[in-house]
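Taken straight from TrEMBL:
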BINDING   B:Cys35, B:Asp37, B:His88, B:Cys91  Zn(2+) binding site
There are 2 protein chains.
Amino acid sequence: MSVTDELLANNASYAENFTGPLPLPPAKGVAVVACMDARINVYGVLGLQEGEAHVIRNAGGVVTDDEIRSLAISQRLLGTREVILIHHTDCGMLTFTDQDFRDGIQQDTGIRPAWSAEAFPDLDADVRQSIARIKASPFIPHTDQVRGFVFDVATGKLTEVS
Amino acid sequence: MSVTDELLANNASYAENFTGPLPLPPAKGVAVVACMDARINVYGVLGLQEGEAHVIRNAGGVVTDDEIRSLAISQRLLGTREVILIHHTDCGMLTFTDQDFRDGIQQDTGIRPAWSAEAFPDLDADVRQSIARIKASPFIPHTDQVRGFVFDVATGKLTEVS
């Protein structure tokens, strides 16, 4: 039995107690951009309930064109107004460089990715850079409430990056 | 008080009962790619616990270069081997076209995005297309366990796309 099959069995239990559907637009008007890290349960960390917030996640919780695309859809079509960015301690992105990652792929496959791995050496600096990418985008209409945080995987606490 | 401040107050409660840190690599060796939709609590839907799976999310649950980047990091550096894709009923991406979305941005800002909005008219077809993008990528080493599902926002159930 694959892990996927095991998780599908969990879904049957979830559906038994499920009540829906909720409305499409996020009730709290907020979008979260967080790292994909397995230890960040965004609904738990922020006390979110189903239906309240868009949740965008990727390696690092960084902002590339695809996060700008998602945030543009979130704000322009579904009415969100605030953005919460979450990076975290002990992040894998602190452990390698773009150069090494792309060298490794090239060695294994013969092809070098055209994209950056978006690795970073400093958490706070990359939170600030991610906020700056959102604020610099012409496609995100509401940028007065964009705040960034570091989640501590040892304590469960968020600390704001100023 | 902003919604962000309200959610930060929730975080204080979460941290009170938090025990960590867990290991960095996902314990179940799986990565989930899901839509950002507010009604999909991925940890709930799949019965996941903190530390078990990477969670990647964006508008539509689609696969672009940024999801390939995240999956490449997930598999090459953090040992995941299975991928679960989740689209869902009543998705906003079914309600507009790329052309209309980019026309609207151009009208409002004077600038046309270089990226596609990745809107789609058919859920099952886009799940299949997303699986195909992963399997076609030279940068994802493990593609024998890539399965796609549609989450029903009325019932909470996942249905596999074959």
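Placement of Cβ uses the backbone N, Cα and C atoms for every residue, glycine included.
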Sparsest Cβ surroundings (other CB atoms within 10 Å) among the binding-site residues B:Cys35, B:Cys91: B:Cys91
Neighbourhood of B:Asp37 (Zn(2+) binding site), C-beta criterion under 8 angstroms, separation at least six: B:His88, B:Cys91, B:Gly92, B:Val153
Chain-mates of B:Cys35, B:Asp37, B:His88, B:Cys91 with C-beta within 8 Å of site centroid, Zn(2+): B:Ala34, B:Met36, B:Arg39, B:Ile40, B:Gly60, B:Gly61, B:Ile86, B:His87, B:Thr89, B:Asp90, B:Gly92, B:Met93, B:Phe151, B:Val153
Chain A neighbours, filtered from binding-site residues B:Cys35, B:Asp37, B:His88, Cβ-Cβ distance under 8 Å: B:Asp37
